[in-house]
Amino acid sequence: MSRRVSDNPEEMETDISRVASSRRHSENLPYVHKVGVPPKPNLLKEITETVKETFFHDDPLRHFKDQSKTKKLVLGIQAVFPILDWGRSYNLSKFKGDLIAGLTIASLCIPQDIGYARLTNLDPQYGLYSSFVPPLVYAFMGSSRDIAIGPVAVVSLLLGSMLQQELDPVKQKLEYQRLAFTATFFAGITQFVLGFFRLGFLIDFLSHAAIVGFMAGAAITISLQQLKGLLGIKKFTKETDIVSVMRSVFAASHHGWNWQTIVIGITFLAFLLVAKFIGKKNKKYFWVPAIAPLISVILSTLFVFIFHAEKDGVQIVKHIDRGINPPSVKEIYFSGEYLAKGFRIGAIAGLIALTEAAAIGRTFAALKDYQIDGNKEMVALGTMNIVGSMTSCYVATGSFSRSAVNYMAGCQTAVSNIIMSFVVLLTLELITPLFKYTPNAILASIIISAVIGLIDIDAMTLLYKIDKFDFVACMGAFLGVVFHSVEIGLLIAVAISFAKILLQVTRPRIAVLGKVPRTTVYRNIQQYPEATKVSGILIVRVDSAIYFSNSNYMRDRILRWLTDEEEQIKETNQQKIQCLIVEMSPVTDVDTSGIHALEDLFKSLQKRNVELVLANPGQMVLDKLHASGFPDMIGEDKIFLTVADAVMTCAPKMEP
């Protein structure tokens, strides 16, 4: 296109003056680095990278790269059975540590297992069965060196309360046991599938706050359930809520309490709590609370046997079947009306067991500074429960109390679980008849002393100080378990966890930025009160990805900020807002709805004669903006690398 050259000397002089002035002005401005246009993304590559980052972020196949077929086969077998890897460097020094740890946790697990089986409404031997086979399987397949496997109080209570809603554990004993094995089988299947398909991130949706509240509520519920054994009550409610339990306790106060049982229970509960206090006060005496339950069982059993206290109404265990686990494959419901019920109960119990084991494994791995593969752990836990369901076991997982003792006793590898299993084997084969006169009160005392540690007051206090919403989630789960049932408490915990996620996704934080004095840094004016707003410019930062769930809120919130600023400007006679800068560094992604919201924002700003400027959008965001043609709409020169660049470019236009 041609350009007319003026013949008028005055016009020529004016044009030259303007050009010279423009050059001087541009020369005075610092260099503004333009935001690069990313190359057009390859769809297949983008999908592949997304899937890889979601499911294979830890690059589990990195060890197989550039290896021969034989080496790959060996590595593959070692991946499934880690014991073949660390077992090559196993020595006598490590065995000494594992032997002491294994014997110590065995002394703790035997009385606990008998008590936990009662929580599940199963015969005592099933608790011992569940500490024999599953730990052996885990020792070969698990990657944690410190976790101790067996039944745990919370899962036992959850399983027992859900099973007895379907079948009566006394009148329908055989069917009840079969449903327990079926639930265990599907708990294992759930855990295995989550690990095999690398879906372990799903259990992270249950927030820490909800777990703290759920565990504390379960501890209260378990303790209340033990009042039956502690007070010698024969007729007791099947409900687990605090109101029903306390009503049942006080209803039996005139004729149902047994004073000999109360003396035994309270005395040994005090002994166990003192032992626990000693172990907590001085770590050198970790073995005191570890062997205290077994000592309590031995002493109380001798007392009942010598004085024949059972004749005075003291309830005793009476009989524990002798011998190792009988096969139970044929007892699992693979069809019929109980199949779906077993799957539902098993899936819930399996997820809770998985959450507890994952938390324990990570805790002790961090203490010893080694890594565990969460997905491999799930496969190991799932496999051991599948095998366990076929050998008369119910759901087993990592026990925090036993794992803590295992850690403090100096365990080196998973061999401590193998040692514990063999001690349980000897118990099943030789010692079970000696438990005949063990009073139920002592089992109740052991369970109460064990679950008290699940009530973490310090964690609740910290939640209240840090995040009030987390504290509400914690209390919601806690109250749901205590005042209704374990299932309702769990449901509340999950619901509140998801509610928090939805709230954060749908209502992202949007901050107004100001310039920090003597810098070119722009920060939230609420966090930095000394930061000053730029005259004629409104700078906002969106602290979230922009999706369909929050795009409308983002647009409306920014426009409201603009309206508020304009109202303040009218009152103070300041310069009108002519430029809106959106800092997009925290915006990790944007979808179609988000882009439409930005387009609507641009159109609304046009009507107000306000320019829209973007600062530092990420590569993925920029890819999608260019694909939609949004930069063409607002202008390629309206996208800057930093807020400072955007302000520097927009500010001269604000000059009167």
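Placed from the backbone N, Cα and C atoms, the Cβ positions cover glycine too.
Caution: TrEMBL annotation is automatic and unverified by curators.
The following features are taken from TrEMBL:
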type	residues	note
REGION	1-23	region 'Disordered'
TRANSMEM	137-159	transmembrane segment
TRANSMEM	179-199	transmembrane segment
TRANSMEM	205-224	transmembrane segment
TRANSMEM	259-278	transmembrane segment
TRANSMEM	285-307	transmembrane segment
TRANSMEM	345-367	transmembrane segment
TRANSMEM	379-401	transmembrane segment
TRANSMEM	407-428	transmembrane segment
TRANSMEM	440-464	transmembrane segment
TRANSMEM	476-499	transmembrane segment
DOMAIN	527-650	domain 'STAS'
Quiz item: Top stretch among 285-307, 379-401, 407-428, 476-499 for CB pairs under 8 A with the transmembrane segment (440-464)?
Solution: 285-307
Quiz item: Same-chain Cβ contacts of the transmembrane segment (179-199) under 8 Å, 6 or more residues past its ends?
Solution: 55-56, 120, 122, 126, 159, 162-163, 166-167, 328, 331-333, 338-339, 341-343, 345-347, 349-351, 353-354, 374-390, 392-395
Quiz item: Any residues 6+ beyond the ends of the transmembrane segment (285-307) with a Cβ under 8 Å from its own?
Solution: 104-105, 107-108, 110-112, 264, 268, 271-272, 275-276, 278-279, 314, 316, 405, 408-409, 434-435, 437-439, 441-442, 445-446, 449-450
Self-check item: Residue counts (helix, strand, coil, in that order) that DSSP gives for the domain 'STAS' (527-650)
Solution: 64 helix, 21 strand, 39 coil
Exercise. Select the range from 205-224, 259-278, 345-367 that forms the most Cβ-Cβ pairs under 8 Å with the transmembrane segment (476-499).
Key: 205-224
Exercise. Take a look at 137-159, 259-278, 379-401, 407-428 and tell me which one has the most Cβ pairs under 8 Å to the transmembrane segment (345-367).
Key: 137-159
Self-check item: Same-chain residue ranges lying at least 6 outside the transmembrane segment (259-278) that approach it to Cβ under 8 Å
Solution: 229-232, 285, 288-289, 292-293, 296, 299-300, 303-304, 309, 312-315, 439-442, 444-446, 448-449, 452-453
Quiz item: Over the domain 'STAS' (527-650), what is the model's average pLDDT?
Solution: 91
Exercise. Could you pull out which residues elsewhere in the chain have a CB under 8 Å from any CB of the transmembrane segment (407-428), counting only those six or more residues past its ends?
Key: 83, 86, 90, 93-95, 97-106, 109-110, 113, 125, 128-129, 131-133, 135-136, 138-140, 142, 144-146, 148-150, 283, 286-287, 290, 322-324, 364, 367
